[in-house]
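*Asks:* According to TrEMBL, the ATP binding site annotation covers 28-33, ASP52, 60-63, LYS76, 123-128. TrEMBL lists CYS164, CYS167, CYS462, CYS465 with the feature Zn(2+) binding site. Taken from TrEMBL, the feature active site, glycyl thioester intermediate applies to CYS179. As annotated by TrEMBL, region 'Disordered' applies to 301-332, 574-676. If you look up TrEMBL, you'll see 666-676 marked as compositional bias 'Acidic residues'.
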Amino acid sequence: MTRLRQTEALLGSKVFQKVRDTPVLVVGAGGIGCELLKNLVLVGFSNIEIIDLDIIDLSNLNRQFLFRKPDISKSKAITAAAAARHFNPSSGIKIHPRHGNVKEGQNDIEWIKGFGLVMNALDNMDARRHVNKLCQAAGVPLIESGTAGYLGQVTPFWRDRTECFDCVTKPTPKTFPVCTIRATPSEPIHCIVWAKSYLFGKLFGEDDEALDTEELDKAQAAGENAEEIEQLKHEAAAFRQVRAQLGEEDGPKRVFEKVFHEDISKLLAMEDMWKVPGRVKPVPLGYDAIVLGDFVAPPLRSGPVAQTNGRPVPERNGESSTSALNANSKQLKDQRELTVKENLDMFIDSCRRLSARMISQPDIVLSFDKDDDDTLDFVLATANLRAIAYGIPTKTRFQVKEMAGNIIPAIATTNAIIAGLIVMQAINLLSSNIDKATNVFLRSDPAKPLGIYKLQPPNPACAVCRDIYVPFKVDVSKCTLGTFVDKVVKEWLPKGLGASNGNANGHAEEDEEINTEEVEWSVYESTRILADPDFNDNYEKTLEELEVVRGKMLTVRDEDDQFRAVHFCIVAPDPNATNTYTLPPSPPGIPRKPKKAIAPADDSDSSPPPQAMDAPAARRTGLTPSEAVSKKRAAGDDDDDGVVTVASDGQDSRKKRKVDAVVDMTGDDDDIELIE
């Protein structure tokens, strides 16, 4: 009996046919993704697409078993697909690998609708939330997963049947998988993990030159790309050379120039890498310029003002960027932020100390220990120098010790268990037996390692799965924002106001008659306010000019925050479309938001007035985007043309210049700030 026949006998012919026919998407080809892809192939899923933007690194090989050393620097998705096919070669399985970002515009709501099931194998919160929102918008079931050391979880999400990923506020993560490190770091933790897990091992870890050479030679003899093999040998030899020279007087300087000048210069030569939105080009560090005090550090990347111990850091030019901070912390050595020159001096000194230990005790392999001053100094200086090159805020010694100590490495066994549980939950969903699907946790209790919990219903207050989503086929080069507001928002959309909707919250009561002309609307793209009743400066601009393109969403909210938000998902127009845009035949039902719980008032005269809180009360604090917008202006202020006034403290304020209100709608932070 073949493997497929055995699977059919176990699952039953009906469920097995769904396994064969259902197209599935795997997002992520790392530790969990490799195990999951192998399992899907063995079970018999015949139409699999896998997407990942990452390339294979040496540090991946200890747990991502589909990769080998000759695969280093290759696409994870493409390499994993090629390796997984061999597990069930005669089953007619088709794997479609894609090297790319799931957040790219082409991966829109219409794309996600092409799958019957989506499985996340991601390692960062932002991508998880993006995929969750896509699946909620398209009504496609999603299986979320994750691991941290020996712990793990698998949770199915299905619109209107279960809660979604954003129904429960997530705690701030205190551990970071190694896979969050990219070639283009954007946060201090990325630099810290890079310094600890990558560069430290290259310079002071175990040297496996013989094994490297043997495996690379075998790969070349087997027909692997000879040019890539030679490049890998060259890179390995370059690191081995500077490692061998560490004990010399100028050895640490050579390491610095290779890592922070030559390697960064090579990255800058890869133009395609920096075309991805949001990526910031690094600046090569000059050793002599730093020593002489002539080096000008690049400004911090755009975004909220960098904070160090609660204070803003306005500049980072030589030593002036931290002088004010250091003046207040002379007696707290570990909590003092270092200058560029001080980081360089610490890097050189720690390299010499570690090199001396390596030479004096060649049989002892050095490893990072947060309580080892030599290794901690190296990670601190290296992480800060990398952060300076990439325009990222630096950290103090105390902060680096805390952050590096919280890093938990991924464990291959945990990944394998979680991947198996994902497939079991996938079979439950495909069999339309949602009652058997459960939220499964892998725990550290040896007596009962698996914790199984019933799936919860949607949270009525969720701002993701309870909102309304509308596919909006539009030619963004022709459709103006004014057309969208006048024809879609004001004419088409209000017809659904107050109506209960199949994909709404199910809690809306029968509404009294609504005067749709009295409802006022604001239009957002992510955190940008594009239009509101008092701001129409963008009406003549096309959506393309406003950078509202395929894959993005136009969010419409009523000013009084009574109704669910409506998200218009931008997709490509039909090839033969004659109109600028195409909408569904009828507008969706837009129910009211659930009534907010009012805290009981205290009889005491000194008690503050009751505050309206979202349910549950602890889920949110501060202003919602629509609450903030509703406070923008009092009546009679129409003489301030083009002014948008938003106050984060709930008080009205006035500005005599036009600004963009940036609102964080992710649920992590409800602060509102003004960007000039």
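Keep in mind that glycine also has a Cβ here, set from the backbone N, Cα and C atoms.
Whatever TrEMBL says is automated annotation, not expert-curated.
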*Asks:* Which are the residues of the chain, CYS164, CYS167, CYS462, CYS465 excluded, whose CB is within 8 A of where the CB atoms of the Zn(2+) site average out, their centroid?
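*Replies:* Same chain, not in CYS164, CYS167, CYS462, CYS465, Cβ within 8 Å: GLN136, PHE157, GLU163, PHE165, ASP166, PRO458, ASN459, VAL464, ARG466.
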*Asks:* Near GLY31 (ATP binding site), how many other Cβ atoms are within 10 Å of its Cβ?
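*Replies:* The answer is 27.
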*Asks:* Measuring Cα to Cα, how many Å separate CYS164 (Zn(2+) binding site) from ASP126 (ATP binding site)?
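*Replies:* Their Cα atoms are separated by 15 Å.
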*Asks:* Any same-chain residues 6+ apart from CYS167 (Zn(2+) binding site) with CB under 8 Å of its CB? Would you list them in sequence order, or say none?
*Replies:* GLN456, PRO458, ASN459, CYS462, VAL464, CYS465
*Asks:* Can you check which residue among the binding-site residues CYS164, CYS462 has the largest number of Cβ atoms within 10 Å of its own?
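*Replies:* It comes out as CYS164.
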*Asks:* Report, as a single number, how many Cβ atoms besides its own are within 10 Å of the Cβ of ASP123 (ATP binding site).
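*Replies:* Taking all protein chains shown, ASP123 (ATP binding site) has 22 Cβ neighbours within 10 Å.
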